[in-house]
Amino acid sequence: MSVTLARSFDYVIVGGGTAGCVLARRLVEGTDATVLLLEAGGSDEGIASLSDPLRWIENIGSSHAQNYFYEPSPHVAHRSILLSRGRVLGGSGSTNALIWARGNRADYDGWAEAGNVGWDYDSVLPLFKKSEDWEDGASDLRGAGGPIRVERARNLHPVAAALIDAGGSYGMPYLDDVNVPHPEGVGPINMNVRGGERCGTSRAYLRPVMHDAKLTVLTGAQVLSLTFSGTRCTGLEFLREGERRSIGASQEVILCAGAIDTPRLLMLSGIGPSEELERLGIPVVAALPGVGRNLQEHVIVAGLCFEAKHSLMPLNNNLVGSTFHWKSRSELRVPDLMFVSVQIPYVSAEIGARYPIPANTFCIAPGLVRVQSRGYLRMKTARHDGPLEIQPNLLSEQADVDALLTGLELGLDIASQPAFRELTRSWVAPTKRMSREESVAFLRQACSPYFHPVGTCAMGSGEDAVVDARLRVHGIEGLRISDASIMPTIPSAGTHAPSVMIGEFASRLLVGG
């Protein structure tokens, strides 16, 4: 191995992604502890597609991603659907669309109402604020001086501006800041950018402490399994440059590998559903039936497309620029739909094959962000790099289908407002209003994941819970999880900002403050 390592560190963090970078920074700055951060991917520095907000879409399916596939099902027209996860320092926060969205107060109050003390909105709001440097400065709701610069999308593209104007014509209130506690309305997105470049947790949290003597960062390090003394996690084994190494953790191992790889590592290490582990021939260390269960994912309609009258160039911001939150049914307590404008064609392969898509095409993308469908992941073999069966069961619940059908109709209503009529030459996909049966078929072909998997190591106290409210794995000492896998239910917005908050929550548990 090209680096000399101590045999043991105080803390070992598995995954240099969104939350892992937060935790490394806070442990190094707030304690005298030694910290080892292991990342399976490489560095994010000097890579244009990772830093340029306009080029994020190039990261999907790229060498900077771990490219999984969701299993086919009749609910998505038997399609195998790409799930692209960041495999680089900063994780998916280094590859995503740079939308900084907290969700709704009700998301976090719901976590607390389920028994997770300290996770209500008022308790986690200071952590959101601590993480950010909001362009308007500090307020009761926003933070200033934090590591991550957050700004509104500026100089809105005509498509983004049209979404805001059309939403207003439809009757939606204007949101100057979409990160209010109860966002319901239309406005410019918040983006995590500084100086026109991505400001994710690798740049904002990790790089300032990268050369601290207490911190060791290893990229290209694939963790193979955790090690135990009885039911205490004592360290782990990892593979780097062809060499297998064992490392001890005198305080804790903290898993920040995300909603796919954290449960996989637990199962590889003997923590999970006993019947699954026995099937794979893995000795059971702790029988936790919830590992790999409760998978949740946002759904976006990739295929509501329109040809513009005039050139859409130049593109700007992150190809999006504006958004709205709205209810599929007026009696709902919280908006369940989140739309974005997209300055380019953003379509599933099936919609692209079914409809000719002109180059000068933009999209209005309805998304369902309060999903009822639940899925799972399981390992097909006991190999650390073996295939996974990942089944989110997208659109398996009729309530999700009904909500997204309303979203589809709402998207066409928005496209019919004066602001979009002025911009649009023709409807591309679909070419006209559809019957309910046609709309359902369209949805099943067009639906795509937002790449927001969560929930596979859910927090709680029930029999399916994997961690407690202090993020400790049930039945195991010296092992915590700090990533999107612990979310008991998915937030009604993107998962990047909530994952940063989770990293700050874990840091507060370990460091204080």
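Cβ coordinates are placed from backbone N, Cα and C, and glycine is handled just like the others.
What TrEMBL annotates here:
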{"type": "BINDING", "residues": "Val88, Val223", "note": "FAD binding site"}
{"type": "DOMAIN", "residues": "258-272", "note": "domain 'Glucose-methanol-choline oxidoreductase N-terminal'"}
{"type": "BINDING", "residues": "Tyr450", "note": "substrate binding site"}
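Mapped onto this structure are the features recorded in TrEMBL.
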{"residue": "Val88", "record": "FAD binding site", "DSSP (3 states)": "strand"}
{"residue": "Val223", "record": "FAD binding site", "DSSP (3 states)": "strand"}
{"residue": "Tyr450", "record": "substrate binding site", "DSSP (3 states)": "coil"}
- Query: To which of the binding-site residues Val88, Val223 does the lowest count of other Cβ atoms within 10 Å belong?
  - Reply: Val223
- Around Tyr450 (substrate binding site), which residues of its chain at least 6 apart sit with Cβ under 8 Å of its Cβ? Glu297, His298, Val299, Ile300, Gly367, Gly494
- Query: Taking the domain 'Glucose-methanol-choline oxidoreductase N-terminal' (258-272) alone, what is its mean pLDDT?
  - Reply: 99
- Determine how many residues of the domain 'Glucose-methanol-choline oxidoreductase N-terminal' (258-272) DSSP places in helix, in strand and in coil. 11 helix, 2 strand, 2 coil
